[in-house]
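**Student:** Supplied in C-alpha cells, the structure appears directly below.
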Amino acid sequence: MSHASADADVLDPAVWPASAHRDAAGAIVVGGVSAPELVARFGSPLYVLDEDEARARARRIRTALADAARAIGTEAHVYYAGKAFLSGEAARWMVEEGLGIDVCTGGELAVALAAGVAPALIGFHGNNKSVAEIERAVAAGVGTIVIDSEIEIERVARAARAAGRVQRVRLRVNSGVHASTHEFLATAHEDQKFGVPLGRAVELGVRIRAHDSLDFLGLHCHIGSQIFDAGGFAESAARLLDAHAALLAGGEVPELNLGGGFGIAYTSDDTPAPIEEIAAGIAAAVADGCRERGIRPPRLAFEPGRAIIGPAGVTLYTVGTVKAVPIDGGVRHYVSVDGGMSDNARPALYGADYTVRLASRTGTADPVLVRVAGKHCEAGDIVVDHDQLPGDVGPGDLVALAATGAYCWSLASNYNHVPRPPVVAVAGGEARVIVHGDTEESLLARDAGLRGRN
Ligand SMILES: *Cc1c(COP(=O)(O)O)cnc(C)c1O
C-alpha cells in the first residue's frame, strides 16, 4: 500500500492531532510547543501527549455514545481503557471529561486509585485476576468487577462476603464475533482466553445471582481492536441480547457492556467511520434486537482506549544513520532513530503501520521511500515499515511518528538496556513531564549484582 500523500512534509489532519502544524521554520508544533524545543528540554526519544486532543476525543466519544443511547431511550456509560495508556494525569483528564476508568491488573488499579479516581468509577476486568487483586478491588470499593470465568464467581463472591459488601459484577462472554478493521468473523465459538462461551451465559448469570454478595449488572464482551465500523458490534450485541433477554426472566439486567475497540487512522490509508456513525449503528442494532425480543433497551457501556489516547500521542526521535539499500526496482532508505521496539513494540508485535514526518524542518529534496528502523539488536526492530520522507533526511534531523498515544508507552520495555523515554504533556504552549523516563542510573540501580552499587 502506498500512502495517499505525495508531499512528504504534509501533516494529514486525519492522522495528526488537531493542534499539529509547522511553524515558520518548518518545525512541527504540537499543543503549541515545537518539536526542537521539546527535544532540547526533555531529550530524545520523547513521548508527547496533546492534552487537549485526548480530552476532546474523550468528550466526543462519550457524547456520541450517550446521544445514540438516548435516541433509543436509554443511556451510555463510557470507561476509558487504561491499558492503552494510564498515568495519574491521564486518569484525571478522563474523569474530568465524564468517563470512568477500566483497569485490568492490580497495578492499573493502584494507579487509578492513587490518581484520586473515585472507586465507584472504576471497572476491573481480566482473565486471571489474583485472589489478592480481587480482594483489593472489593475492599477499595470499585464500581464493577468483570467475572471472566466460572471459577471467579466464587472468588469474587467470597471476597465481597468477607468485606461485608455487595459487589456489582458483569459477566464476560465470548460472543463468537471477532472484529478488526474492515471485517468481522462470526463463529459459533471463539477460541480465546477471555470470557465464558455464550452458550453458558444464562446458566452462569443465574449462578452469580444466587450469591447475596454479588449484584449482577449484565453481560460484557470485547470483540477486538482497531475496528472501523459498527458491523461487528451490532452482530455481537444481537447475539448477546438472546442471553440478556433470557436472564431478564429471572430479575433485572440493567446493563449491556460492548467493550472497546474503536479504530483510528495510523496512516492516511486508514479510514475509520466517524464515532457518531458507529454509535448510531450500534444503538440501532440494540434497539432492533430489543424490539424483536419485546424488551427494553438496557443501559449501554463502552470501554474505548486507543480511539481516545492514540491520536493524541506523537513520538519524537533523532535520526542517527541513513543507508540507501538497493531493492527490486529502486532504493529503500533505512533511516535509523534513537529508539525503536523498546518504546514502540507494535510494529514488531503485530505489524502495525505508522506515519513518519520530518519534525525539525521541512525537506529540500524530492520524497524518497524510507523504512524507519530502531537501534535495537533485532532485524524486526522497525518503527515504520514504509513511508516517504524528503530525500535530504539525515543525521541530526528530528522525525515525528503520529498516533503513538496508545499501546506504546504502556508496552515499553528496557530491551538492550535502553531507558524508556519520559512522557510529556503539551497544551496551550506549555510542556510538562507527566511520567518520568528511566535513566541509565535507574536501570543499573535494579541490578543487585553490581558491586559497590547496591
Ligand atoms: C483492550 C480492551 C479495551 C480497549 O480496547 P481499545 O482497542 O484500546 O479501545 C476495552 N475493553 C477490554 C475488555 C479490553 O480488553
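Numbering starts at 1 and runs along the chain as displayed.
Heads up, the Cβ atoms here are built off N, Cα and C, so glycines get one too.
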**Student:** Determine which of Tyr47, Tyr407, Tyr415 appears in TrEMBL for the same pyridoxal 5'-phosphate site as Gly261, Glu303, Pro304, Gly305, Arg306.
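**Tutor:** Record check against TrEMBL: pyridoxal 5'-phosphate site with Gly261, Glu303, Pro304, Gly305, Arg306, extra candidate from Tyr47, Tyr407, Tyr415 is Tyr407.
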**Student:** Per DSSP, to which secondary structure element type does Lys83 (N6-(pyridoxal phosphate)lysine) belong, with helix, strand and coil as the options?
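**Tutor:** Looking at the DSSP assignment, Lys83 (N6-(pyridoxal phosphate)lysine) belongs to a helix.
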**Student:** Only counting partners 6 or more residues apart, tell me which same-chain residues put their Cβ under 8 Å from the Cβ of Gly261 (pyridoxal 5'-phosphate binding site).
**Tutor:** Ala179, His222, Ile223, Gly224, Ser225, Gln226, Ile227, Phe233, Pro304, Arg306
**Student:** How many whole Å apart are the CA atoms of Tyr407 (pyridoxal 5'-phosphate binding site) and Glu378 (substrate binding site)?
**Tutor:** 20
**Student:** Just give me the nearest neighbour of Gly305 (pyridoxal 5'-phosphate binding site) among the recorded positions Lys83, Arg346, Tyr350, Cys377, Glu378, Cα to Cα.
**Tutor:** Lys83
**Student:** What binding-site residues in Pro304, Arg306, Arg346, Glu378 place CB under 6 Å from ligand 1?
**Tutor:** Pro304, Arg306
